[in-house]
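Please read the structure below before turning to the comments.
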Amino acid sequence: QKPILLQGHERSITQIKYNREGDLLFTVAKDPIVNVWYSVNGERLGTYNGHTGAVWCVDADWDTRHVLTGSADNSCRLWDCETGKQLALVKTSSAVRTCGFDFGGNIIMFSTDKQMGYQCFVSFFDLRDSSQIENNEPYMKIPCSDSKITSAVWGPLGEFIIAGHESGELNQFSAKVREQLSNIKEHTKQINDIQTSRDMTMFITASKDNTAKLFDCTTLEHLKTFRTERPVNSAALSPIFDHVVLGGGQEAMDVTTTSTRIGKFEARFFHLAFEEEFGRVKGHFGPINSVAFHPDGKSYSSGGEDGYVRIHYFDPQYFEFEFEA
């Protein structure tokens with residue numbers, strides 16, 4: 001089945017994200033444009049204009065009223081999803097690498113990079129208190145002195161966030177008190193992406209050490225490992241099957257010297273329990289930087305270094321095969 005090709009960015013994709021219902025797909029890239037698309041037919045609904053640098057992260061709250069973006073222009077911005085109007089702007093000392101709404105959509109968190117002499121911080125703002133954003137005073141700010149955060153997501157019920165670091169470490173930071181709840185190091189290199197399962201009981205990490213790993217959200221217990229021959233940039237868990245999709249390929253700077261066949265630019269499907277690969281989908285002309293399953297599990301999207309986003313709908317046999325198995 002032919003994928004739907006979304007062409008709305010001039011530079012490589014950094015993150016793609018569905019809203020909770022899955023009717024909208026948000027895409028951000030190393031250009032200042034934030035795009036929103038209808039996921040059913042790939043029609044572009046609009047853009048959120050205001051950033052002046054690469055946009056690293058995007059998130060939408062549970063009822064798709066607000067959109068949050070973090071950028072290399074040293075800002076985190078809150079948008080009205082429907083009108084595209086900028087509602088709030090938080091200026092930071094360094095690039096904003098990760099951002100996200102909590103379970104209820106009232107609290108936002110974002111992490112800033114360790115650069116230009118500034119430390120890496122995780123900041124928490126309560127949107128119900130407008131003075132916090134106006135005065136740029138988060139109700140909590142946690143410093144991360146050792147290695148910068150490269151990916152972060154909210155844990156179940158907004159109690160804590162799970163952060164992956166450049167060093168390969170995983171941390172849980174409480175969203176209520178200024179403390180680190182737990183810390184493990186299962187990866188040997190940088191963690192590029194973290195995504196939770198639909199019921200928020202597990203999460204999967206994608207790392208430069210050529211593996212993706214599955215963990216328990218509350219205990220951080222390491223459950224499964226999915227191995228490849230190339231760095232993994234992104235990994236997502238299917239909401240309806242025991243399936244995992246990984247996206248990656250070799251480092252972006254080596255791409256020009258490699259043919260697409262050797263570069264391993266396919267999206268790769270693994271079985272969650274058996275850790276075995278059962279399928280690959282070709283298409284991108286460079287490493288895949290972000291993958292996401294549609295919340296109904298009937299399609300998935302991938303965004304690549306080539307600047308394209310591809311929406312793939314699964315064949316009917318995919319569902320028959322799984323139910324028979």
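Glycine is treated like the rest: Cβ placed from N, Cα and C.
TrEMBL has this to say about the protein:
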| type | residues | note |
| --- | --- | --- |
| REPEAT | 6-47 | repeat 'WD' |
| REPEAT | 48-89 | repeat 'WD' |
| REPEAT | 184-225 | repeat 'WD' |
| REPEAT | 281-311 | repeat 'WD' |
Using a Cβ cut-off of under 8 Å, list the residues of the same chain at least 6 residues beyond the repeat 'WD' (184-225) that approach it.
150-157, 162-170, 172, 231-237, 239, 244, 246-248, 270, 272-273, 275, 290, 292, 295
Per-residue pLDDT averaged over the repeat 'WD' (184-225) comes to what?
96
Are there residues at least six beyond either end of the repeat 'WD' (6-47) with Cβ under 8 Å to its Cβ atoms? List them, or say none.
53-60, 62-64, 67, 69, 71, 73, 79, 81, 84, 252, 286, 289-296, 299, 301-311
What does DSSP give as the helix, strand and coil breakdown of the repeat 'WD' (48-89)?
0 helix, 23 strand, 19 coil
